[in-house]
Each structure stands twice: as structure tokens, then as C-alpha cells.
Amino acid sequence: MASHLPPTSTPQHSQPASAGLAGEAHAPYRGLRRWLLTTNHKEIGTLYLVFSLSMFFIGGLFAMVIRAELFQPGLQLVRPEFFNQMTTMHGLIMVFGAVMPAFVGLANWMVPLQIGAPDMALPRLNNFSFWLLPVAFAILLATLVMPGGAPDFGWTFYAPLSTTYAPPSTTFFIFSLHLAGISSILGAINIIATILNLRAPGMRMMDMPLFVWTWLITAFLLIAVMPVLAGVITMMLLDINFGTSFFNAAGGGDPVLFQHLFWFFGHPEVYIMILPAFGIVSVIIPTFARKRLFGYASMVYATASIAILSFLVWAHHMFIVGLPLVAELFFMYSTMLIAVPTGVKVFNWVTTLFRGSISFEPPMLFALAFVVLFTIGGFSGLMLAIAPADFQYHDTYFVVAHFHYVLVPGAVFAIMAGVYYWLPKWTGHYPHLRLSQWHFWLSVIGVNLTFFPMHFAGLAGMPRRIPDYALQFADFNMVTSLGGFLFGASQLLFVVVVVRCVRGGERAPAKAWEGAEDLEWSLPSPAPLHTFETPPQVRPRES
Amino acid sequence: MRRLVWTASGAALAGLAPMVLANGWNMPVGVTDVSREIHSLHMTIFWICVVIGVIVFGAIFFSLFRYRHSRGHKAAHFHEHTAVEVVWTLIPLLILVAMAVPATATLKSMYDASDAELDVMITGQQWRWRYEYLGEDVAFLSNLATSREAIEGRQAKGEHYLLEVDEPLVLPTGRKVRLLLTSDDVVHSWWVPDLAVKQDAVPGFVNENWVEIDEPGVYRGQCAELCGRNHGFMPAVVRAVEPERFDAWLAERQAAASEAALGLDREWGMAELMEKGEAVYGTICASCHQPDGSGSPPAFPALAGNQALIDDRRRHIETVVNGVAGSAMPAFRGTLNAIELAAVITYERNAWGNDTGDVVQPSAIAERLAD
């Protein structure tokens, strides 16, 4: 069986975890205390990933409620105010609870292994930044049972709907977002400190795997914009509880100021959710094409350009808010410009495939689907950048289709590709091949059935965030709902695959994939608790 | 066999394409110059994306079939080529410039609201639109006309389910109309796809857009910016008529408005105020405070059995007329006239067992408004 496997040498079993000095330094806690007090990057990485997966299912459950209500016209299952709570919580949980922590989890596990570091630079801070998250999201989820219900103003929480007109639970929402934001900032500081200080001797910046590079850039984005988010929600807090009027027009405030501040955070935020995905895919594609990544340097420069441009495009989310003409033009041009470095990335991936020696293991399937489907999201993004056309697209299901294409078969598929890719390193076993393939194909079909018809619904005139719709949108919505249920159910398979893989399965050697090049594959599988206690010697990447 | 599959799938695609591009799947062409320009921009960039997609996806799938490991293909070793990389940076840049030129021109004309013959003020309110013909003394509210029964599935849904209103915005064809948009509460967005007008209505700001409609007809859209519970139930409907019919309609509305003002002087009876009040309450207040006055606390307090309301008539009037600062309760002095205000306050003071017996006279409210 298992023709997908590379020819293996002798199976390498894990070394005893306590072999090194570090193993003796910590008394190994057991049970709950082990996880609560751990400062080990692998254990914290696992915590992040498990947390993210739980949030993915909770946010997914909210999406299922939305799709069930929208299955046909009319109000059947939920009241409009609860529907609004579902769309809001779905967005918040998926963005801040599922996608971002998943990338931080992958960074925790893989950045030290890919740069030959023994751990993250700031292990105790690492523990703290993880444990802020369960607290933050417990608070956020608790708002569902508070009087007046959970936040119901969309994940973009535009004032004054989120201030003067908001439910009382909004103050808890603000506190929760503050905690999640602190967690992100601390995590980003840790990642930067690790990458800049703990690289193995001989590894120059331009020798780092792209996953490390993209995360380094992402971490700078996080540090730059999370404080802006903190600022804007603090202004909300003051408006709600202390009588200020930042966003209250009746008191001389400016509701549009809210949108500028939010999107100054929000646009870099969407790149925070996609740059590490670029990194994962840039590591996986060369492995399974058995060919070096084409244009390594231009990939790094493209990532950096996207990051810099992300600060100059925020108002393309506000084309219809009444900006002056020059502002519309500036933001239209700057947004279109992002297509250039993004295009460079896609061309580089395609050229990496060209004349490679390609095989289709599960991580590669997800990475390839990422390239194709993310590009579709890129196309709709380019269309949305055309400001005059955006007067028709804005706030419709066309936008919903666009950002779900870049976030689900984009970010989420990249995360899954990463998980399938590194599971052998984490567990010492290959994920079950057949089940992984089923998971992939059901996900791809489900994701397209869900999100493709949304393009049509939006162009035909369906606004987003409505609990009920006119009859001409009925067919699109029914297909979308069916696709959504299929996609949601398929993710249970993912849990089955991961759990089976942790428990057992075909043993993986140190170099689990034939074409894999990076440092982590020099370690035994599963990677012992402490690795690279003596730094490895790295040969510079020849050019 | 293989050829058959290709032909069949080709035919299926060819059959699908016109269906996809037909109306109902695509952006409407619309009935204004701007809407047609936007549609053609949309189609241009769509086809550019299709061509790029065919090339990129073609290259991917070609590589996936041609260079498979299982076919024994050995990987080549190249991994850099400066010239190629420069070329595929520059070509997209040129394509983008080519797209930016017509987009800029369209945007400029969309921003030119000068020389309009008619000004209409559009005010968003949770959850209805208020239309005011500036300088013409005509203003009215436009509410969803779909019944609660149809929404909840107890009645068949009509053709224009959720896209029908009690009073549409009436506009003349062939005249340039300037639209001024603002809001009384949260941010709304007035959108009619066939007119290619979507503009946010922001409290404290007045936004500007314009429209010149070519063909008479009814054009339906809805609020596009999440504005609270009934965001999905806030249609924007425009009825475009020939200029002569529009002028006649406007004159009729002006006459009706001055007639309505006549009722201010006389003494109104409880029964007629209650009847009118119930109607106003149903269209304006019931969406928050519920038809039975039970409200939805904590945001929207109950009115039925509300002791503060029953005890303090002055405060009740003040609340309805001027709203409550820092809460979701808007001021209705600009939305309702004195008769409507008096009627709805009388209704609230006597319905659902509140039974205060108070009759609030329109003349008293008119004095209050004059202060």
C-alpha cells in the first residue's frame, strides 16, 4: 500500500525526551498542570492548534445556523436579532479564534524547528499569550447568554451601531478583543525575537524557509496594527460607558472616523491571515514538485511589498462612504497595485511546478487547491478594487464570496496543508491516506458549492448580512446552504484523521517526504520534546 | 472516447456561459449612463480575469499532468530567471494601468452632481427611508409593505417579496436628480442596482450622489449596510415616470400636504386620534417596541404598562418629539407632523391597557414643535 510514500530508509524512532539537559531542568508536570504551565514551544503549539480547531467548529456551527436560516426565503428558524449575533460571532470567532491562533500554533511548532532553535526566545511569555486566548473567547462566547444577547453588529462593528445602539454585552466584547489583541502582540514579539536571535549558526536571513520569512513579516504587521484595534475599541468603550462622543455625531463625533481606524487595522489584518499561508504553500509545493522554489528572493520581496502596501489601501473598504474623489482614486490605484506582488507569488508557484516531478500527497492536494482557489479570490479582489464597480459590488454577497475564497480555500486550506505536511513530524505517523483524500475532495467540492454561487447572488443584488431575501436569490442560497452543510460535515473527517494520526498509523521516518529540504526533517519523527539543544550547522543556500 | 468527453464538456460550458451572463446571474445593465458604464467596466475586467485565469490555471494543470512523479518525470533544476520575473511584474502593471484609465473616467462622472434639476434628501432611519423633495414641501416615509405573515410563512410570498414599499420614491425620467443622503441613527446604505447608486447614509454627514434615469419603471433595491435587526427589511424602491407625470404627481402631493396642515386648528376626538395613532404606531414604532407594546428589552423598553410613561405625560411627549440622547430612541420631530405625533402619543397612552384617558391635541404638539 501507500504508493505515495517516499522510499524510506530505516525507520527512526524518537529519542528519549529527557536525553538532554533541558529535560532534567524542568520537573515534568503531569495532567492539567503540564499544559497549564508548559513553556515548551511544541506543547504550546499543540495548545494553539487544538484551541483553534475547537474555535473553527464553534464558528462553523454558527455558520451552519446562518446557512440553515438562509436555506429558503422567509424567517424559519431564528429571529433577525439572533441571526445578526450569529453572523457577528461567526466572523469574530473565525478571524480571531480560528485562523490567527492556527497560524500562531504552526509558528510555535515550526519556526524553532525550521531555524534550528531550541525553543521560542521568550517561553514564559509564550505560555501567557496562549492562555489569554481561552479567557478571551470564554468571555466572548458568554455574551450569547447575556441580557440583550451577543454582539450583533457584524465582525466589523461599525459605530454607532456598535456603540449607541449596541447591546449591553458590547463592553464584554471589547474586553475580550483587548485580551486577544494582547495575546497577538505578545506572540508577535516572541516570533520576531526568536527569528532574529535564535537562528542556527550559518543561517542567514535569506536562507530561512519562506514560512519563517512570511511569519516574520506578519509579526511586524501584528505589532503595527493591533494597537490601532485596541485604540478604536477603547474609544468605543469610552463612548458607551463614559459619555464621550468619538463616534457619536450628535455629540460632534464622526462615525466615519471609526471606519478609517477600523480598516487601518482591518486591512493589514487580512494579510496577517494570508501571508503565513503563502509561506506554508511556498514550503509544500517545492517539496512535492521535488524542485527548489522558483524565485525565492522575489517571493520574500513580494511578501514585504504586500505588507507595506497593506497600510495604504484601507479605504477601499469604504468606497461608498462618501470619500472625496482624490481619495477614491488614490485607494483604487494603490489597491490595484497589490495585484502585482500577489501575481508574482502565483507565477512563482506555477513555475516551481513547471518541469518538476510532481506527486499528490494530501498536503500537496491542499496546497494546489490553495493556489487555484486563492487566485479566484484574487480575481474578485481585483474586480472589487475598481472603485466605480465597487458601488455595485459593495456590501453584497460578491464581497462575501471574495473574502471567503481567500480565507477558506485560502487561509484555512493552507493551514490544513501545513497540518498534513507536518503531522508526521509531530506524531511520528503519516495521516491515513484514503481518509485524507476523502477529506480533501469533499472539502474542495463543498467549499466551491458554498462560495461560488455567492458571486452570482451578489451580482444579482443580494446584500450581505440579511436574514431573509427576495425570491430571485432563492436558488443560489439553497445551493450555498447545501454546500455549506457538506463542507461543515467534511471537517469532522479532519478530526478523525488527526486523532487517528496521533494514536497510530504508518510510521514516518525523519525525512517524511522525499523532497523535503528544511531543517525540521533532520530531526527524528516524532520530534522529541526538546530539539536542537546544540545548534545544527547550516550550510548557506547556494544560489 | 476521450474526445467525446472533451466535446461534451465543451458543449456544456458553451451552453452554461449565456445562462450565467444573462440577467439574474450577473450585474444588471441598469437604466442610467453610469450604470451602463459600470456594467461595461465590470465585464471588461471580468474577461481580463478569465483570460489570465485560463493561462495560469492552464499552466498549472498542464504541469500537473505532464510532470508527474508517477510518470517518472525527473525534476529540472532551474530556480531563478531575472528576465522572466521582471516581465511578469511589468505586464500585470500595464494591464492594471489599462484598467485604471476607464475606471478613473467613470468615477469622475459619478462624482459630478452639478447642474441637477431636482434635489432629494434621503434619510435612513431604523428601518425605513424618508424622502424629502427639497424646496418642494413634499416629504414622506417609505416602509416595507411585505406583511409579517408572508415573512413568517403564514401567507404566500408575492413576486416582490421584501422589495416592496408602501410609498416608493417617485423620480422623473430624463432629468438629473441630486440625491443627498444622511441618517437619523446608524449608518445605512441606499442601494438601487438598476440605477447603480449605492451610497452610505451616515448620521451627522450629508453624502451626495446623482441619477438620471432613461426609462420609466419601478426599480427595486434595499439597504446595503448592516443597520440593526430589520436591516433585511428596508427596501429602497424608485418609481420613475415621465417628467409631465412627475410634475403632476408633485403638485398633487403639495396640495395634499397643505390640506393635512389644516387639521391643526381643530379639536380632535379620542377615537380618530386612536385610529390614526394605531396606523402610525404600526409603521413607525412597532418594529422596535413591538405591535403589542411589549418592546424588546433592554434596548427597546416596553410601552405597555410602562409606569414612567403613564405617570409623566410631559416626558412621554418630550421623548417622542426629541428622542433620548445616547440611546436608540430617535427624535421624531422631523419625521412625523404634529397630527401624527399627537395621534401616536395618544395611542400609546391609551392602548394595551395603559388607559390614561389622555387626549393629546395636535395643536398642543404644534406649539411644542414651535418652541
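Quick reminder: no glycine exception, Cβ is built from N, Cα and C everywhere.
Database features (TrEMBL):
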- A:1-20: region 'Disordered' (REGION)
- A:1-17: compositional bias 'Polar residues' (COMPBIAS)
- A:29-539: domain 'Cytochrome oxidase subunit I profile' (DOMAIN)
- A:47-68: transmembrane segment (TRANSMEM)
- A:88-109: transmembrane segment (TRANSMEM)
- A:130-150: transmembrane segment (TRANSMEM)
- A:170-198: transmembrane segment (TRANSMEM)
- A:210-238: transmembrane segment (TRANSMEM)
- A:270-289: transmembrane segment (TRANSMEM)
- A:296-315: transmembrane segment (TRANSMEM)
- A:321-344: transmembrane segment (TRANSMEM)
- A:365-387: transmembrane segment (TRANSMEM)
- A:399-423: transmembrane segment (TRANSMEM)
- A:435-456: transmembrane segment (TRANSMEM)
- A:476-499: transmembrane segment (TRANSMEM)
- A:523-543: region 'Disordered' (REGION)
Compare A:47-68, A:88-109, A:170-198, A:210-238, A:476-499 by their Cβ pairs under 8 Å to the transmembrane segment (A:399-423) and return the stretch that comes out on top. A:88-109
If one takes Cβ-Cβ under 8 Å and requires six or more residues beyond its ends, the residues near the transmembrane segment (A:476-499) are 53, 56-57, 60, 63-64, 67-68, 70-73, 397, 408, 416, 419, 423, 431-432, 435-436, 438-439, 442-443, 445-451, 453-454, 456-457, 460, 462, 469
Would you say the transmembrane segment (A:88-109) and the transmembrane segment (A:170-198) are touching, if the rule is that at least three C-beta pairs must lie under 8 angstroms and be 6 or more residues apart? yes
Write out how many residues of the region 'Disordered' (A:523-543) are helix, how many strand and how many coil, based on DSSP. 0 helix, 0 strand, 21 coil
Determine the mean pLDDT over the domain 'Cytochrome oxidase subunit I profile' (A:29-539), rounding to the nearest whole number. 96
